[in-house]
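Participant: My structure is below; once you've seen it, I'll send some questions.
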Amino acid sequence: MEVNSNGSIEPCGTPLTHSSGSNWVHSTDFEVHRNWLAITHSLPVSKWYHESTSEWTLDYPPLFAWFEYGLSHVAQHFDKKMLVVQNLGYASPATVLFQRLSVIATDVVFIYAVRECCRSVREEKGSKDLLVRPYFILAALLLWNYGLLIVDHIHFQYNGFLCGILLLSVARHLQGRHLEGAFLFAVLLNLKHIYLYIAPAYGIFLLRSYCFTKDNTDGSVRWSSLSLVRLIALGSIVISVCALSFGPFIAMGQLPQVLSRLFPFKRGLCHAYWAPNIWALYNVVDKALSVLGLRLKLLANLPKASMTGGLVQEFQHSVLPSVSPSATLICTLVSILPAVLSIWRCPRGARGFLRCLVVCALCSFMFGWHVHEKAILMAILPLSVLAVESREDAGIFLMLATTGHYSLFPLLFTATEMPTKVLLILLFTLYSFTSLKKLFRGFLLNTLEVTYLLGLIAVEIICEVVYPLLPWKQTLPFVTLLAKSVYCSLGVSYSFIRLYLSILRPTDKPKEL
């Protein structure tokens with residue numbers, strides 16, 4: 001590195017900032033976060049959620065804005081030009097280097113959280129081989145997680161930092177330190193509001209198992225055992241964090257403006273990369289019905305389809321009813337309800353809460369509005385903890401992680417990135433299968449499940465080798481995205497159903513170590 005005349009740092013051929021030749025690698029999220037650095041550094045707080053020079057406006061909760069503000073004071077020592085709001089698309093080598101290093105630095109939170117989760121794992125006594133100890137396998141599954149590696153360190157985001165806070169919160173609950181766990185989740189919620197989807201799991205668990213201190217003989221809640229001291233302490237923590245985060249904007253009368261940024265509904269049902277969820281299957285069924293209807297002359301004058309155009313936009317379904325944001329919200333809440341009711345009626349401690357959390361995360365992924373494919377990590381990472389303690393959960397983890405990780409392939413779409421993503425997913429998947437097989441001393445998947453996972457290889461070959469040779473490549477370039485999403489939707493849906501059934505069994509607990 002060199003320090004130039006204006007005091008900024010310039011990298012000299014660092015591999016962190018380019019992949020080949022002189023082409024600097026920076027995804028859209030680089031510009032998103034560069035713009036947020038510029039907004040929080042250059043403008044007064046009162047303008048943060050009004051600034052719209054860039055299309056990538058600030059749309060995370062206030063605590064994350066303050067996080068960007070803190071980073072901006074370090075960023076100015078790398079390249080002050082990145083902190084100019086008008087410098088749209090600015091991506092100097094020093095800027096990219098700083099952003100890469102900021103992700104690495106904040107991963108310290110994730111590393112510490114992994115350590116705490118490993119300390120909370122239950123395991124058999126007497127196991128001497130370190131490589132097959134549950135805590136060692138868990139550390140490898142989390143620290144070497146394929147999704148985090150490509151999403152944060154190749155594509156670019158701060159998921160490790162955020163997921164670290166989530167896992168640390170989970171670890172605190174497993175350790176019985178519930179107020180700390182609640183505090184950490186309140187902080188997380190004010191850093192990124194997507195975690196609202198798992199808030200019901202936290203709320204019901206803490207109310208049922210922390211605020212109510214005793215059960216009746218039949219296992220039902222003893223209403224007279226409500227501890228007002230615990231309830232007030234819990235409420236005070238949550239309210240204090242939210243007040244610290246939103247208070248300044250409430251005082252300035254900007255709460256409606258902030259909320260309008262946090263909850264936009266003009267982006268369409270599906271993200272451009274088509275997360276593998278129920279709506280991907282819904283879209284394909286609609287498309288198939290429209291094509292069949294036209295060929296059989298049962299339908300006419302249908303609107304031109306836009307769902308495979310690879311754009312973030314609203315569109316109307318041709319045959320099936322179009323899905324509104326309110327419809328997805330209702331579907332999500334209805335799907336979450338049985339899960340949270342199960343831990344109210346039949347509490348299973350912190351591990352029952354963790355299972356409910358994963359189910360809630362998957363419910364939001366399956367039925368949410370404009371879901372990003374990266375959101376699957378919100379389920380895969382905490383499920384890793386259960387996977388090293390339960391044979392059944394290990395099998396579900398292998399299905400969900402393999403399918404969910406493969407669905408992230410479109411994030412790295414250049415030819416030079418292909419060897420990297422293939423090698424990383426193969427290494428992680430092989431380790432997951434071999435380590436969990438040794439831990440539980442046997443195969444964890446049946447023949448049908450293995451056959452489905454092998455089908456992922458066939459899908460990749462067809463999409464990346466065969467389809468580019470066909471004439472449809474020019475007219476229908478996004479068919480490969482559709483094919484990968486739909487195939488992965490089947491695996492994610494299967495894992496979701498299996499995990500959901502496990503939480504609805506009130507007495508038949510999964511076999512544990």
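Using the three backbone atoms N, Cα and C, a Cβ is placed for every residue, glycine included.
Annotations per TrEMBL:
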- 130-148: transmembrane segment (TRANSMEM)
- 183-207: transmembrane segment (TRANSMEM)
- 227-251: transmembrane segment (TRANSMEM)
- 327-345: transmembrane segment (TRANSMEM)
- 352-369: transmembrane segment (TRANSMEM)
- 452-470: transmembrane segment (TRANSMEM)
- 476-501: transmembrane segment (TRANSMEM)
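Each of these features: where is it, how hidden is it, and who are its neighbours?
Facilitator: Listed by sequence, the residues of this chain that lie at least six past the ends of the transmembrane segment (130-148) yet keep a Cβ under 8 A from its Cβ atoms are 110-111, 114-115, 117-119, 121-123, 159-160, 163, 167, 374, 376-377, 380-381, 384-385, 387-389, 401, 404-405, 408, 424-425, 427-429, 431-432, 435-436, 438-439, 513.
Long-range contacts of the transmembrane segment (327-345) within the same chain, counting only residues at least 6 positions beyond its ends with a Cβ under 8 Å from a Cβ of the stretch, are 197, 200-201, 203-205, 208-209, 219-221, 269, 279, 352-353, 356, 359-360, 363-364, 366-369, 500, 503-504, 506.
Sequence-distant contacts of the transmembrane segment (352-369), counting only residues of its own chain at least 6 positions beyond either end whose CB sits under 8 Å from a CB of the stretch, comprise 170, 173-174, 194, 197-198, 200-202, 204-205, 209, 265, 269, 275, 277-279, 325, 328-329, 331-332, 335-336, 339-340, 342-343, 346, 375-376, 378-379, 382-383, 385-386, 393, 492-493, 495-496, 499-500, 502-503.
Long-range neighbours of the transmembrane segment (452-470) within the same chain, counting only residues 6 or more positions beyond its ends whose Cβ lies under 8 Å from a Cβ of the stretch, are 399, 402-403, 406, 409, 418, 445, 479-480, 483-484, 487-488, 490-491, 494.
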Participant: Using a Cβ-Cβ cut-off of under 8 Å, list the residues of the same chain that are 6+ residues beyond the ends of the transmembrane segment (476-501) and lie near it.
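Facilitator: The answer is 273-278, 280-281, 284, 308-310, 338-339, 355, 358-359, 362-363, 365-366, 373, 376, 383, 393, 396, 399-400, 402-404, 406-407, 409-410, 452-453, 455-456, 459-460, 462-464, 467.
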